[in-house]
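Colleague: This structure is in structure tokens; I'll ask about it shortly.
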């Protein structure tokens, strides 16, 4: 599994002050642009892409309805993504499929979509249907992150992930059970067939995240002969 770490600057100054050396052990950088005001995103973008030039980067606008920090209309959401993607060509573009389903066809020009679904309230009973619909669209990555309230929620998501990966070996999946009880899903990504795990540096971007340094230690232990 690859380790993803999010950067969440709230201003141009914060973006310029990012110490990239602290992110060297991350495999992929996620820029959570939703921590900025809508009108500041394009002003901050050059600093982010310059800082992390040569690194794999995900551009993410996490809206409030999926646990993020920004409120945008469907049109604003797609327009911002297209503008940033057109100028800077991020390696991956996060698209909240179920929240902006009516705009999905406008995103088909991008071959590097991370079709995502986030639920900070629960692990819904229709997880299989959610995974099935996202998988049927054959994006670059299928990403599902849901809140776990008990051990069964975690085991269900891990089992679904393993099953979908077995049936769709060419498809990249990223699945996360959020919350303390779900931490095992972050550690066991290789076991379930999840391609990435999200780790934190300074501030967690979701409940239950483990620090980058601890995730590296866990990887070393699991990879010992």
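Every residue, even glycine, has its Cβ placed from backbone N, Cα and C.
Copying in the features that Swiss-Prot gives for the protein in this structure:
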type     : residues                         : note
BINDING  : 6, 30, 31, 32, 62, 186, 205, 209 : 3-dehydroquinate binding site
ACT_SITE : 118                              : active site, proton donor/acceptor
ACT_SITE : 143                              : active site, schiff-base intermediate with substrate
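Quick one: where do these features end up spatially?
Modeller: Packing around residue 32 (3-dehydroquinate binding site) is summarised by its Cβ count: 20 other Cβ atoms lie within 10 angstroms of its Cβ, all protein chains included.
Long-range Cβ contacts of residue 118 (active site, proton donor/acceptor) within its own chain (separation 6+, distance under 8 Å): 62, 66, 67, 96, 144, 145, 146.
Of all Cβ atoms in the protein chains displayed, 28 besides its own lie within 10 Å of the Cβ of residue 143 (active site, schiff-base intermediate with substrate).
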Colleague: Give the distance between the Cα atoms of residue 6 (3-dehydroquinate binding site) and residue 143 (active site, schiff-base intermediate with substrate), rounded to the nearest whole Å.
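Modeller: Here the two Cα atoms lie 15 Å apart.
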Colleague: I need the CA-to-CA distance for residue 143 (active site, schiff-base intermediate with substrate) versus residue 209 (3-dehydroquinate binding site), whole Å please.
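Modeller: So the alpha carbons of residue 143 (active site, schiff-base intermediate with substrate) and residue 209 (3-dehydroquinate binding site) sit roughly 16 Å from each other.
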Colleague: What is the maximum Cα to Cα distance, in Å and rounded to a whole number, among the residues 6, 30, 31, 32, 62, 186, 205, 209 annotated as binding 3-dehydroquinate?
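Modeller: Output for 3-dehydroquinate binders 6, 30, 31, 32, 62, 186, 205, 209: max Cα distance 20 Å.
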Colleague: Near residue 186 (3-dehydroquinate binding site), which residues of its chain come within a Cβ-Cβ distance under 8 Å, counting only those 6 or more away in sequence?
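Modeller: Correct list: 176, 197, 198, 199, 208, 209, 210, 215.
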Colleague: Helix, strand or coil for residue 6 (3-dehydroquinate binding site)? Use DSSP.
Modeller: strand
Colleague: Let's check the environment of residue 6 (3-dehydroquinate binding site): how many other CB atoms sit within 10 Å of its CB?
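Modeller: So the number of other Cβ atoms within 10 Å of residue 6 (3-dehydroquinate binding site) is 25.
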